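Worksheet: the structure to be examined is printed underneath.
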């Protein structure tokens, strides 16, 4: 039945789509899903008369594979800090010198000279956050600033724990919990880490994303989590609190950069400069619910953001944070083995 | 038994069939219900509202992705079904021939290889072509989808062909002469349920594809599944429910309309 | 008797050409790249380095413990292989248990309403797979619809843990692949002549005998097609295990994806994929052989 109409409709539609519109100015952004404020994009489009297209990816690795293969058509990409050196080494980013741009002065001091892009020759801050523990305080009322909730779970939490399936974050957390440093290749430490993880796994309900809903619904009572996600869960269920593990928690930053084979370099540069404007950076934060690393953006942010304990790290726990970095292949190899063992 | 002996009856079959339909529709009912949720959640009911329809209507990215999904599925299923009909005619009811195994292996190959593998190899292969030709349009996705849809379209068509009566065709061949006429007037009408089944399967399979699309797509080519995949690690809003419900409603309406039109014409 | 349509080798080739061209271009051809990759060395950050190596193939079945340096079976891989095969077989079986009676039910409706029933089967599948999977998750999660109803009815006091178990995987995959079973069975049964069944009853056959001796042999091609269509994609399933398995019930598709993603070992991913391919082929050959032998036996 339906198939009688498809030939004409299908071919017509395809022809239409193939000859897509060519606006004067174009910009193709390749970003994490649900991460780009539509309002901010609209503002950019109007200000510069540029047609912006946003396309999504769901992991740094997918993005890297696609950029490396070529022929993708993307101008802007937003890799995480620990992936930036890889992206640079693999030659998929353009040295666009954002540090010479007009708005660069707005970048907060701590985010100017970052290890993953010293002096910011390639990237500008997009959003940053932390990896900690979200806990339902009506289920567990002890100290929440410890990764022990995940790796040595107290009775109340057992069987109600989730862990995000991010190898770097989980390994980092576990290594610090066992007294090591991120990217360690110390075999003794790693053996303990493996044993600890394998021992803890039966107490975990799942290793999955999408924990905002599940926290709010109380399907899970604790999870290794990103701070922004934890805040969103708290807005739906006030019992959810975010703990910063004292043994060490990782700090990540996603960064916008221009791709090496960008077609619309000028527009891409305009865009990088644009998102370093406090008001625009605040639009990003209000949408994605993370901090942005741009000085002066706070005053444009929603109240829930400005006051959130998830976004504003408590003074006394600030030192426990470490900036997540890319581990060398030797470490990665061992971590892979542990991770396969853990997730099998 | 009140009625006379029913030869088609098998004990318990109707029960299982009904259970099957219930199972099929439960999730869909939930999905539709939550599209009217007033709250942020796809799992906590907070009252009736149309807000997600409004916000989906305003969300350009979702709309583009939806339309693109449908276009690709239409194009791919059409190509795949046509190719599958021809292939099924070529491979059914013949004596064994050289190359038969190779042909079967090729047709079924997309079924045997996990998507991620095809996806990675297509990424590498298509990227080379994209760089070489400079063309980055939607056809890559349509062809990639058509390829993995072929076995899904082929199977029911072939099953149908195998169950068909050869004598009719033979008689037709004696009367009409040309194979094309025989095909049009005898084979095709009988084959139609198989083609329909195959086409529908292909359409659905294309509509669902995530992994291959994710790897093959170029800038601005998100489909609904890849758009959702991108949201998976952050948060999914009932916007998705709203757009799915709308799509569902549209297709049900269209199909019903065609159904009745084709009926009255007969 | 020669078939009037595909009698000559040349027509056959012409008929096959479009399908073959598409498949070679966009499915089978690029696979050569995968074979090639499985014999290369993993790049530090994904991708491959062009150095010949058989490490990936070795790594499919064996591993060296990073601490004790001891060589052993790759226990994790074997676990995942076994789980994938087991769950795929069970899914095919479940789909058959639900799908066959449903196809039969539809095929025995009056001719006019059959199309409507088939549409009813297909409609749920016009909704995207991911969103359907999320709806299933909503049904079976601890605070979800089914548990709420069960507890309200007083059948249980505690929610039953269904999500993130093998049960949830089976349910989800059966749901996803059910039409792949129903459609081919229906297609082969739709023209079934029930006078044959009548003849069977005239000879005093029981319903079971009629089912086994008359109906099943005729719809067998449909069942075979359906089982293959369900079993094989299940083996490489990715989305359902990821959402409903909760990441703790890895299946082969996820393991392979992991190699191409976070674990950055493309050659191992390629080798694992080819291993999967071999499993599928062995299963298919076995299946075709047994079915074929049985058919000859009956003939």
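Positions of Cβ are set from backbone N, Cα and C atoms, glycine also.
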Labelled transmembrane segment by TrEMBL, one stretch among B:174-190, B:191-207. Can you tell me which?
B:191-207
Listed range which TrEMBL flags as transmembrane segment, given the options B:38-57, B:138-157:
B:138-157
Do any residues, 6 or more residues outside the transmembrane segment (B:191-207), come within under 8 Å Cβ-to-Cβ of it, and if so which ones?
69-70, 72-74, 76-78, 80-81, 84-85, 88, 145, 148-150, 152-161, 164, 224-225
Counting Cβ pairs closer than 8 Å, which of B:12-36, B:67-90, B:138-157 has the most of them with the transmembrane segment (B:240-261)?
B:12-36
Selection from B:12-36, B:67-90, B:111-132, the stretch that has most Cβ pairs under 8 A to the transmembrane segment (B:138-157)
B:67-90
